[in-house]
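**Q** What follows is a single structure, and I will ask about it in a moment.
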């Protein structure tokens, strides 16, 4: 904390150029000396022997050397100094130093980096608070310049080594970061390509789903017409079944009627055969009656003619008597009496 406080306290002095300070003042002499120590510049001829701290400060420090040191007296100035510190950003200090190097007024440019100033923090407050304390208290001891410079240079070399190490680490980290960035770019490109492929695939699937949906919508629109056609076909099928059942019933009735017809035909054939037989018998009887009647007629004619001749010849005998043909021949029965009366065929069988 003391080193940081010293750096922060010294920053306003470092930001001021030697030309801006009042010549002959204690602050001016100390700043010129401290500036040249930081810049590693040789001191002028008149200033090599002189100390930036006045003689009165040396006498006061000698007097104070005989007194015992009080830790509270040592802490008091540091507390006062901490209260008077001006917080300055390190980047602004670097920018001011760069501006001074570019202007090149009274001082030669020196290669410097940012981190050596930060690394020099712990070494500065060892001399700076004492030097600032002496003008206020008008007592103190002059610092040993060669030892402080060598110590400051050793610390500066250590800081430069640390800075180099940190710069190497920074370069390695930057290289690693660049590699990681390239890997990230490749990964991003791969992810982008995968996303594009996935989007294209999903779009294809969405198009397929839309096509399926459109086809299903068309099928749904076609369903009422198909339903009506199916209902019509079902009604036709029912009608066909009814007609087939009726046709089967009609076929059964037709088969039964055919059987009845065949039975009726057989009965009729039998009846016709019987009638034909009766007709033939009747015809034979009629022929016999006709022949007998004819013979009787012929005989009657013959008898009449014979009677006339007898009357003419004068047969007188009465014994010879001619019997009537009816007496000679027995009386013929009618054929209807011989055969029983035939019943007419049943007409209901033919209906």
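From the backbone N, Cα and C atoms, a Cβ is placed for every residue, glycine too.
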**Q** Of the residue ranges 44-84, 167-207, which one carries the region 'Disordered' annotation in TrEMBL?
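**A** In TrEMBL, the region 'Disordered' feature sits at 44-84.
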**Q** Suppose you had to name the range TrEMBL annotates as region 'Disordered'; which of 97-147, 250-300 would you pick?
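**A** TrEMBL lists region 'Disordered' for residues 97-147.
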**Q** Where does the mean pLDDT land for the coiled coil (149-260)?
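**A** Per the prediction, mean pLDDT sits at 90 for the coiled coil (149-260).
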